[in-house]
Amino acid sequence: MNKSRFISCVILIFALILVLFTPNVLAESQPDPTPDELHKASKFTGLMENMKVLYDDHYVSATKVKSVDKFLAHDLIYNISDKKLKNYDKVKTELLNEGLAKKYKDEVVDVYGSNYYVNCYFSSKDNVGKVTGGKTCMYGGITKHEGNHFDNGNLQNVLIRVYENKRNTISFEVQTDKKSVTAQELDIKARNFLINKKNLYEFNSSPYETGYIKFIENNGNTFWYDMMPAPGDKFDQSKYLMMYNDNKTVDSKSVKIEVHLTTKNG
């Protein structure tokens with residue numbers, strides 16, 4: 001083998017090693033959506049109130065809890081009580097796979113997430129399409145408690161920039177007490193602010209045609225959630241919230257968040 005061919009082989013082997021063992025930022029990053037990818041508020045003819053209640057002040061929140069049961073291999077059940085409305089005392093959170101459920105099964109965790117009641121099943125005896133009394137369901141929303149909080153009860157501010165028709169119209173901060181926080185928690189807090197300040201969701205519809213919330217991690221990876229319901233006259237809360245089942249977490253100190261909205265007359 002001549003020298004030039006040997007060098008070429010070495011370069012090729014080195015390149016293969018990089019591909020196999022170096023995290024591929026671009027492959028893991030979700031590109032920004034095109035307009036055609038986003039749901040349109042005008043195409044939804046049901047009540048937007050059913051979306052609004054998912055991001056109001058009645059989310060599930062608990063600290064230092066352990067799972068007490070499960071229904072399926074990829075979910076966990078917790079004894080968590082609704083202290084505001086007294087609607088439930090048990091919460092089932094469903095995860096993407098059995099591996100995630102096993103990861104948190106015997107851990108002391110914090111739970112924070114948007115919940116639903118219709119099509120919430122704790123056993124095979126629950127009636128399809130009915131509300132199960134004293135119980136509620138969610139997806140993801142789990143973080144380990146030990147070592148995941150700031151000293152002295154300090155809170156981390158997370159900046160959120162809002163763009164309406166591509167123009168930065170408002171910026172605000174939400175707070176979390178967690179170092180590693182679920183994207184779901186930050187999403188809930190961001191949308192809650194926008195409901196109160198910008199009427200993001202109204203009873204029948206929304207002043208906005210499209211919307212998505214984008215998370216930018218410290219390594220450059222990005223991902224987003226569509227903020228509008230799918231077309232049609234019915235909104236399936238369980239199906240919509242399923243986007244949180246991967247229990248995606250971000251570093252609260254470094255994550256950047258953008259909300260992109262377009263108005264109906266924009």
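Numbering starts at 1 and runs along the chain as it is shown here.
Quick reminder: no glycine exception, Cβ is built from N, Cα and C everywhere.
Bear in mind that the values here come from a model prediction, so they are computed numbers and not experimental data.
According to Swiss-Prot, the protein carries these features:
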SIGNAL    1-27  signal peptide
DISULFID  CYS120-CYS137  disulfide bond
Other than its own, how many Cβ atoms are within 10 Å of the Cβ belonging to CYS120 (disulfide bond)? 21
Helix, strand or coil at CYS120 (disulfide bond) [DSSP, three-state]: coil
Per DSSP, to which secondary structure element type does CYS137 (disulfide bond) belong, with helix, strand and coil as the options? strand
